[in-house]
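Record features (Swiss-Prot):
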- ASP239: active site, nucleophile or transition state stabilizer (ACT_SITE)
- HIS53, PHE237, ASP239, ASP314, TYR315, ASP319: queuine binding site (BINDING)
- MET1: N-acetylmethionine (MOD_RES)
Amino acid sequence: MDGLLNPRESSKFIAENSRDVFIDSGGVRRVAELLLAKAAGPELRVEGWKALHELNPRAADEAAVNWVFVTDTLNFSFWSEQDEHKCVVRYRGKTYSGYWSLCAAVNRALDEGIPITSASYYATVTLDQVRNILRSDTDVSMPLVEERHRILNETGKILLEKFGGSFLNCVRESENSAQKLMHLVVESFPSYRDVTLFEGKRVSFYKRAQILVADTWSVLEGKGDGCFKDISSITMFADYRLPQVLAHLGALKYSDDLLKKLLKGEMLSYGDRQEVEIRGCSLWCVELIRDCLLELIEQKGEKPNGEINSILLDYYLWDYAHDHREDMKGIPFHRIRCIYY
């Protein structure tokens, strides 16, 4: 992929040429200070992925890796037109919305004996079967069900042809390199090719490919096949929630023109200049927050419990956004429907 900037290079280039989205250095420091208080706790450790989320697999085995692959293959566009009227999945006495509604639906299907994490099943699954698997417990369906069906079929067929039907084989081919795994995923599976143009350059975000690498690292607890020596090279996952929380915390600022658009709920399109700026600046902002946090930890003379990387910051900030939804209502997220995030 000649002339294509990787996610970190892309975000730096976008932030340097942005017209409507800006990174606030004071806000970056404030977010780093907020995270400093969490540096010694479970929130910023790889183990937190399982400990803090009951829907994620408990095991660190092939079945768990294949669960991660299916959920991240479908990990896009969960926002609802109205917050009080949305897709909800009830599972084991609890209700889940957003991304967690997908995880609950996958677990519900497995409990019902539907082998949704098996490539030989989802390579040929029908649209009606997908509608049933992803059914909502409200009258609001999960968005983009037809696209999810198409992508499951396409991805399942490729996984069977190239990797013997198991994502663990793909992980093993990457030889403990996060970058190699990310590129293998992007090259093998078309729906993961999150690439666009900005100022005449080809830029990449690879949101789902990066989160797939991160979740594989997390489900395998950073051990064995999941011990990626270059895991810190993975950046945050540029979606529609992270920019909202970064703006809420004052690390990201929008121009009046863009803010007006977002407040009106105008839809952006994938590859629009402003959409690219929001994603690129968010990604670079988290890189700066990480650098600042590591400096603060060093100044305090503390040793973190493990490696602090952009993945763990993303996990924490995403959970923060989920837990502070009410506080963040005044800051709009950017509305877009696409398969990349």
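Including glycine, each Cβ sits where the backbone N, Cα and C put it.
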Long-range Cβ environment of TYR315 (queuine binding site), under 8 Å and at least 6 residues apart: GLU43, GLY48, TRP49, ALA214
Packing count at ASP239 (active site, nucleophile or transition state stabilizer) (other Cβ atoms within 10 Å of its Cβ): 28
PHE237 (queuine binding site): secondary structure state under DSSP, collapsed to three categories: coil
Diameter of the queuine binding set by C-alpha atoms, the set being HIS53, PHE237, ASP239, ASP314, TYR315, ASP319, in angstrom: 20
Same chain, 6+ residues apart, C-beta under 8 Å of the C-beta of PHE237 (queuine binding site), given in sequence order: LYS207, ARG208, GLN210, ILE211, ALA214, ASP314, TYR341
Position of peak Cβ density within 10 Å, selected from the binding-site residues HIS53, ASP314, ASP319: ASP314
Per DSSP, three-state class assigned to TYR315 (queuine binding site): helix
